[in-house]
Amino acid sequence: MNAENVINELKRRKEEFVTGHSGSSIGDIRDVALANILSNAAWIYIVSRYPSYKESFWLDFLLNWVGLLCSVTVFGKSPYLTCILGVSAIVFARTFSKGSKSILIKNTKPKNGKQSATLTVYRSSMLIMTSFAILAVDFPIFPRKYAKVETWGISLMDLGVGSFVFSNGIVSYRRLQSSTQLSKWTKIQQSLRSSMVLVALGFIRLFSVKATNYQEHATEYGVHWNFFFTLSLLPIAMIILDSFTLRLRFIFGLTAAVIYELHLVYHPSFLHFLLNAERVDFISANREGIFSFVGYCIIYLAGQQAGGMFFSAVRNPMQLLWKLIMSTFFSVLISQSILSLHTLPISRRFATIGYSSIVISSNLVLLTSYHIIVECLPSKPRVSKTYEAVNNNGMMMFLVSNVLTGMVNFTFNTLDSSPLKAMAILMVYAIVLAEFSLKVPFKLKF
């Protein structure tokens with residue numbers, strides 16, 4: 001077998017490795033999320049007991065990065081083991097810090113223009129987990145139940161895609177506030193400028209994948225589409241709703257999502273087209289990316305609603321906690337009702353309303369949990385240096401992780417890597433990302 005055949009065979013195997021998965025239960029995803037929350041809580045508690053450790057890169061890396069990585073690799077089948085380690089770290093610090101006092105703080109309002117600690121921790125942990133998953137999924141050590149689902153079902157990576165959009169919706173609220181006095185044309189220019197950066201990244205990814213014969217998964221977004229194109233269209237779509245209040249925006253988005261869902265349910269020919277059509281033209285070739293956009297819009301708009309809670313005048317942590325609890329309660333109630341009563345299963349591939357609702361409710365649960373740990377407990381500091389750095393340049397982090405993922409796949413045969421080799425590669429990858437986030441000299445704005 002010549003070199004070209006070997007490369008093509010490896011590409012085929014890699015494509016099969018990420019194809020045909022059915023996902024996991026919500027409980028499996030919850031266990032991973034809990035492990036991450038407890039790892040961060042352990043860092044906060046230890047540093048509050050030993051303030052000199054605040055500057056320790058390795059303590060930060062061990063708890064806030066390695067904890068996340070282990071929960072989806074070596075402890076992937078039993079992520080509660082990461083929970084046990086997180087709790088053990090807290091107990092250890094408590095036991096051996098007698099006489100030390102935690103540094104207490106008052107519940108104060110954040111300074112104008114400064115993002116809340118809750119959002120920083122939430123966004124950073126989500127970005128780090130996303131960065132880990134896009135590379136780890138190519139190794140056998142990453143449980144297949146966490147890989148993206150082929151069509152029906154939910155997994156950790158499926159939830160991560162929606163969470164990225166929800167997170168972008170949250171931070172976009174601040175831009176909404178700052179642009180209220182701008183003219184319509186200026187807002188359009190700003191939206192187009194933001195979109196052009198992402199469109200450029202989308203084309204760079206498209207051309208690099210085609211030029212290098214990199215493995216592809218057409219049912220993920222389509223033949224030519226990728227996630228950067230979806231992200232690029234969101235600011236443009238929001239221009240249409242610019243004249244409406246935040247609540248009306250969400251209502252319009254929800255209406256569009258319901259109409260799309262009804263079309264899926266009551267027009268079998270449309271669903272058949274999405275599932276089985278030959279990829280003969282641009283629309284049929286990229287139907288996943290095109291038609292799932294409606295679902296991502298409602299997730300983005302829900303993120304803006306959540307951003308309104310954090311960036312509005314209500315800044316007292318306990319008041320915000322109450323609003324988060326109520327929003328979480330109703331979103332979970334609605335999502336469970338949809339999943340119980342609706343005939344169409346969850347699908348990230350087509351961004352059904354079941355998928356959108358589970359993404360929204362899951363992210364509100366995460367925001368509430370992080371808010372309790374980060375803002376409502378009397379400990380300081382609340383955010384690690386690497387989390388601050390990742391949050392400040394999230395898109396650059398996401399871009400670099402995609403580039404490194406490609407480099408690793410070209411350098412190593414990830415499919416046949418032993419668990420030890422896989423963890424060694426992933427650990428180096430994590431260290432590079434952590435160091436890069438701290439030292440990157442510029443910020444990618446979009």
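All positions are counted from 1 along the displayed chain.
Note: Cβ is positioned from N, Cα and C throughout, glycine not excepted.
TrEMBL has this to say about the protein:
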{"type": "TRANSMEM", "residues": "117-139", "note": "transmembrane segment"}
{"type": "TRANSMEM", "residues": "151-171", "note": "transmembrane segment"}
{"type": "TRANSMEM", "residues": "192-211", "note": "transmembrane segment"}
{"type": "TRANSMEM", "residues": "223-241", "note": "transmembrane segment"}
{"type": "TRANSMEM", "residues": "248-270", "note": "transmembrane segment"}
{"type": "TRANSMEM", "residues": "290-313", "note": "transmembrane segment"}
{"type": "TRANSMEM", "residues": "320-341", "note": "transmembrane segment"}
{"type": "TRANSMEM", "residues": "353-373", "note": "transmembrane segment"}
{"type": "TRANSMEM", "residues": "394-412", "note": "transmembrane segment"}
{"type": "TRANSMEM", "residues": "418-438", "note": "transmembrane segment"}
May I ask which of the stretches 192-211, 290-313, 320-341 has the most CB pairs under 8 A with the transmembrane segment (353-373)?
320-341
For the transmembrane segment (290-313), the candidate among 117-139, 151-171, 223-241, 248-270, 394-412 having the most Cβ pairs under 8 Å is 151-171
Given the transmembrane segment (151-171), which of the listed stretches 192-211, 223-241, 320-341 has the most Cβ pairs that are under 8 Å apart from it?
223-241
